[in-house]
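Heads up: the structure comes next, in structure tokens.
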Amino acid sequence: MTERAGLRLHDTAAGAVRDFVPLREGHVSIYLCGATVQGLPHIGHVRSGVAFDILRRWLMARGFDVAFIRNVTDIDDKILNKAAAAERPWWEWAATYERAFTAAYDALDVLPPSAEPRATGHVTQMVELIERLIERGHAYAGGGDVYFDVLSYPDYGQLSGHKVDDVHQGEGVATGKRDQRDFTLWKGAKPGEPSWPTPWGRGRPGWHLECSAMARTYLGAQFDIHCGGMDLIFPHHENEIAQSRAAGDGFARYWLHNGWVTMGGEKMSKSLGNVLAIPTMLQRVRPAELRYYLGSAHYRSMLEFSDIALQDAVNAYVGVEEFLHRVRSRAGVVVVGDWTPRFAAALDDDLSVPIALAEIHHTRAEGNRALDAGDHDAALQSASSIRAMMGILGCDPLDERWESRDETSAALAAVDVLVQAELENRQKAREERNWALADEIRNRLKNAGIEVTDTADGPQWLLGGDGK
């Protein structure tokens, strides 16, 4: 079933749900702000990936060719500070946690992006964008930095609703700024930090500049949808719009923002110390169950984490899984069929996943009744529809990828028990100042392909390479 009609999406810029009409018929271009790879991914990070993976899967199922770009911010103040505190090269720190994010996305079967550009690989395009802004009178150099002149762009604030007079960029006081409402495009070089040559001296890119340059490189001067967390609306996305459109680009036509994962009403974040890392969560539930949970709320809603809510999601997923296994054992092979009209109507209405899930569970109830009555044909039809609908949500229990992931998750849980024991021995050796033994344990883990990183939250481990 691949008709292309009726999709409506909530556009943050319009403040309303709009009919989705792509720039090119049959093609959709999407840019998702990806991770700043400073530490282990937690469920707040990955919720965005799951939410917009559902959008991508639905568009593809509707017959669209989707170009999906998700960037990696691999140069940033937080990365530099954390790497310096750990006495490790910044690029090694970024690469380590980029692998951790990739592993998290893979574990939850988030489809790989069409391209995944790193900020450090696109400095040339960033410099070219700054040059265009300076030529057009929207940017200026000062004190070794380059800034965007906010007052030069009359439409500033339209996405977020901020009035120019009330703007605070959160960058602190900078001597080179003409106006403290201006934001940094390029940061002048500092001792010990990475830098690149430019017409304004050596330095590194500002955060907002990176996404504008990478989106243009891969999707062109104008594209369909820009996605990200609602915390990025201001200043990040507001500044992206300003610098891109001031440079003459149309930029994104629709803006979609997902809600936070909260705990006790507070946004999940490392600074608050209330994060739940993906590796930790996958010791508690299976990958498919975690994906089901993260995708179960409407993408624009806050997702309040609790053990009860997580278990409710697990129970709901297991109910679907058990029904499909029951049908398969009694009626034979369950193929992927067609979704129901009510499921399609739900996703066409701004990706209303809770309503779509209600339709899945309604179909499951019908299928169970048919199976109990001995009507295997009707039960198979229900099961086939459920496979199609759960597949759109990325968690079809009968997909062979999930069965292999369940086995991998169990294996990783066993490995974690062994690694944690080694890390406890290493910590004891360090407390006793037995540095030789501590190094021996770390090297033993490294030779087994396990990378250990000492963080403020204690040692963290990742499967690295082949141990060579």
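Note that Cβ sites are derived from N, Cα and C of the backbone, with glycine treated the same way.
These features come from Swiss-Prot:
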- C33, C211, H236, E240: Zn(2+) binding site (BINDING)
- 35-45: motif ''HIGH' region' (MOTIF)
- 267-271: motif ''KMSKS' region' (MOTIF)
- K270: ATP binding site (BINDING)
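Sequence-distant contacts of C211 (Zn(2+) binding site), defined by Cβ-Cβ distance under 8 angstroms and a gap of at least six in the same chain, are Y31, C33, N71, H236, E240. When pLDDT is averaged over the motif ''HIGH' region' (35-45), the result is 93. DSSP assigns E240 (Zn(2+) binding site) to a helix in the three-state reduction.
Ranking the binding-site residues C33, H236, E240 by how many Cβ atoms sit within 10 Å of each one's Cβ puts E240 at the top. Broken down with DSSP, the motif ''HIGH' region' (35-45) shows 3 helix, 2 strand, 6 coil.
Residues W207, H208, E210, S212, H226, G228, L232, H237, N239 surround the recorded Zn(2+) site, their Cβ atoms falling within 8 Å of the Cβ centroid of C33, C211, H236, E240, which are themselves excluded.
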